[in-house]
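Asker: Feature list, courtesy of TrEMBL:
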- 131-323: domain 'Peptidase M28' (DOMAIN)
- 645-868: domain 'Endoplasmic reticulum metallopeptidase 1-like C-terminal' (DOMAIN)
- 12-30: transmembrane segment (TRANSMEM)
- 372-390: transmembrane segment (TRANSMEM)
- 410-432: transmembrane segment (TRANSMEM)
- 444-465: transmembrane segment (TRANSMEM)
- 494-527: transmembrane segment (TRANSMEM)
- 547-570: transmembrane segment (TRANSMEM)
- 590-611: transmembrane segment (TRANSMEM)
- 623-643: transmembrane segment (TRANSMEM)
Amino acid sequence: MALAFGKSEDIVGFRFLLLLAVIFGLISMLTHSVIYMKLITPLELHAPLDRFSEARTIEHVRVLSQEIDGRQEGRPGLKKAAEYIKGQLELIKDRASSNVRIEIEEDNVSGSFNMLFLGHNIALGYRNHTNIVMRISSVDSKDTDPSVLINGHFDSPLGSPGAGDCGSCVASMLEITRLIVDSGWVPYRPVIFLFNGAEELFMLASHGFMKTHKWRDTIGAAINVEASGTGGPDLVCQSGPTSWPSDVYAKAAKYPMANSAAQDVFPVIPGDTDYRIFSEDHGNIPGLDIIFLLGGYFYHTSYDTIDNLIPGSIQARGENLFSLIKTFTNASKLKNAYLTNSSEVTANTFKDERAVFFDYLSWFMIFYSRRVATILHSIPVFLFLIASFIRGRSHSWSATLFDFGKGFLFHLVGIILAIVVPVAFSLLRLLLSTQAMNWFAHPCLAFMMFIPSSLVGLLIPRVIWREFPLSQDVSFVNTSREALSDEARFWGAFGYYAIFTLAYLVSGLSGGFMTFFTSVSMLPAWISFYLAVKSFGRQSLRSTMSYILPLIPCVAYAVYFGGFLTQFVIEKMGMMGSLPPPYGHYVPDIIVASLIGVLTGWCVGPLMAICGRRLARPSILQFLVHFSVFSLAISSQFFPYTVSAPKRIVFQHTVRTAGSSQIMESTYDFSVTDSNSLHFLFKHAPEVAKELNVTLDFSFESALASQRKDWIAIFPVSFLFSNSLKFPVKGDDISKQYEFFPKLFVQNTYSNSEKGPRRVHLELDLGSLEEVWVTVLNITGPLSNWSFADNVLPGTESYGGGPQSYICRLSGPSDRNWTFWLEANSSEALRVDLAVLDQKLVAPAKRLKGLFPNWVDVTAYSSFMSRYIF
């Protein structure tokens, strides 16, 4: 009889597991449609002129990314893009009504400044970068009226056509300028559109605008549009420095996609945007940083093409932006630098605080201030304490609180195991496999592997302690053990989310709404369950469903946000850097397994308090373990990369020179940007291996390593590289393509005295190079001053294990020489390592690049390096 009863409970448990799978499957289908913009209908090319049209916008993207060949600094396409943008704006201006004033300027900016990028100190010098600026205002407006700035960049990364990043941004701005004119709307306050031409070189053009442009002091709010992919949710990743821009967004956005928790995460992501120039480094302008985040497989690759844009994304962005512009221009808090000292500004500006806000499936937005959050996010902890006090009045408050504490610990252990178990499974797979990231091109594999194993972790405490160890005397309180166990488990789980909410609040982070939403949703679920138990009994499926149904809105949000975050992270794993072995091989799988474990705990954890009794069966755990092992075995058969999810490598043709015409060494340097090493690459790209003489007995230990100092032309991105290799070039055509190489020479040397500081005036000749992207100076020695960055030195860097040095990047047209001076405070020599990145490749390097399979994206360039002692 006991065995039969056990089998019956197993059947009930498996049926309930299937029911949960169906519920979560339907929710996932809904959220997938939202995340990939399936619910948004893009407007066609011939849509009404008073509507934003994605099809019209894509025509601009087509010109910028297909008809123009390359929009990188140093290439002719960048100038053609500027001409195209200006020409389109002139056409719009020609048909504008007499009610608006339209001003268009082409602005060439130059300057120099220091910054901290990716945690590294760097100086930036630039010249003649192009900005196209358009100001739309009413005919009655004044030059000093507060204005709204919309910024996007039209340059693109090395080797990328830049359809998403950021052709889509510029094209959206062009369509909005047309929409303003054709809709007949006259802005209440001026709107400035900044099409900047040098963001990929570390925000240089926006810096030039903020330092030199006549309208910079009129800006009262800034919206920066960016792309870290080819579409999906156009997420507000940063807002500030006050909270009113996010408040405006909450009221204005038609398809709100914003999350204050993103502001907690963004600072640790390797990258930056023009937002920091406007709102942090060189301005204190309230603003929004709005970024496409999905389609990250194609970000900064040659596959960032118009065909890979996610439909509906540009439509949602355009409608949001137009509504935002209207709302910002009418906002009472829109002020400019001319009014910063007025009492009106002091009275009406929000305090400098981070608000809490989030969208619900892009349907609506919830926004509340930090002050309100302080009250709201403290309530769950008080409810937890009050519930234990009320329940303990009939017997012992301390015993009740102790039971609730046990429930808290059980839930905490379950959540921890929900993370630990999938991590253990990921390590097990890697120990039996030679390649990592099998889920990279197929994210569903990651969910198949790690969600069942995470459920195992959640259920382990429940299986081990089926009989909850109560501190209360069941006979005395006149309540069944099962009822008291449910109470303890529920309030323990509730207390877990309540304490996390309070921890977020105390730490000053903005993501506490996630656990607050969970804890608040659990209360009506508990009340519903309590009432259902009285009608149907504790064992009834109706009672269990009465607990689940009120939690579905909360679960849907967890699946929406957690699923989006997981997809974003998986896509970015292809460019997070190559860490040293042996640990680097495991890191991506551990990160993804941990993240899915957190997501599973967030989505399923609140259900476990009541639903766990149906699933806490050894047979179900056994099934989940077997399913996980089966998924691990299946995933190991999948290749990590496809054309839609390429592997990224960096290919540098390194030429070491002396003087203007002598070649000292020529090598091909290779590095990867994820955990599958060059050994993996050569194994699956035999034609490349053959060309480089990489045989089966090739040893990476004995191979010629490429040091970080060899990659200084792309500093500081090169800090993501490890295990890079170099191969000697046998027959080189480099001297046939270039008559002269870059050279640094002394104009004159000046010194006050033998012991005083000496100043060396230098001139940099870039030789015959035609497509120079950037020049990097690595200066070592007793440097005390220089002519860059207003004579201010940046912090020092220890590059490639060498001595402390100062690093400066120079960019701009290479048709004339750079002149500058360096000052030393002693007679000790100054050493200058020079690296010049040219985007052209000689024929053999081009042929080698063409040998890579189509699932590999190759960023290739030539780097000319030389060393000087002064």
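A Cβ is built for glycine as well, from the same backbone N, Cα and C atoms used for every other residue.
What does the local environment look like for each feature on the list?
Answerer: Confidence for the domain 'Peptidase M28' (131-323), expressed as mean pLDDT, is 95.
Here the transmembrane segment (12-30) has long-range neighbours at 361, 541, 544, 548, 552, 555-556, 559, 563, 603-604, 607, 611, 614-617, 619-620, 623, meaning same-chain residues at least 6 beyond its ends whose C-beta is under 8 angstroms from one of its own.
Listed as Cβ neighbours of the transmembrane segment (372-390) (distance under 8 Å, sequence separation of 6 or more from its ends, same chain) are residues 355-356, 397, 400-401, 404, 491, 494-495, 497-499, 501-502, 504-505, 512-513, 516, 519-520, 523.
For the transmembrane segment (410-432), the residues of the chain that approach it from at least six positions outside its boundaries are 438, 449-450, 453-462, 465, 468, 489, 492-493, 496, 585-586, 589-590, 592-594, 596-598, 600-601, 605, 608-609, 628-629, 632, 635-636, judged by C-beta separation under 8 angstroms.
When Cβ-Cβ distances below 8 Å are used as the criterion, the transmembrane segment (547-570) is approached by residues 23-24, 27-28, 30-32, 34-35, 232-233, 259, 293-294, 296, 358, 360-361, 439-440, 443, 446-447, 514, 517-518, 521-522, 524-526, 528-529, 532, 591-592, 595-596, 598-599, 602-603, 606-607, 610-611 of the same chain, each at least six residues removed from its ends.
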Asker: At a threshold of under 8 Å on Cβ distances, which of 444-465, 494-527, 590-611 pairs most often with the transmembrane segment (623-643)?
Answerer: 444-465
Asker: Might you confirm whether the transmembrane segment (590-611) is in contact with the transmembrane segment (494-527), defined here as three or more C-beta pairs under 8 A between residues 6 or more apart in sequence?
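Answerer: By the criterion, they touch.
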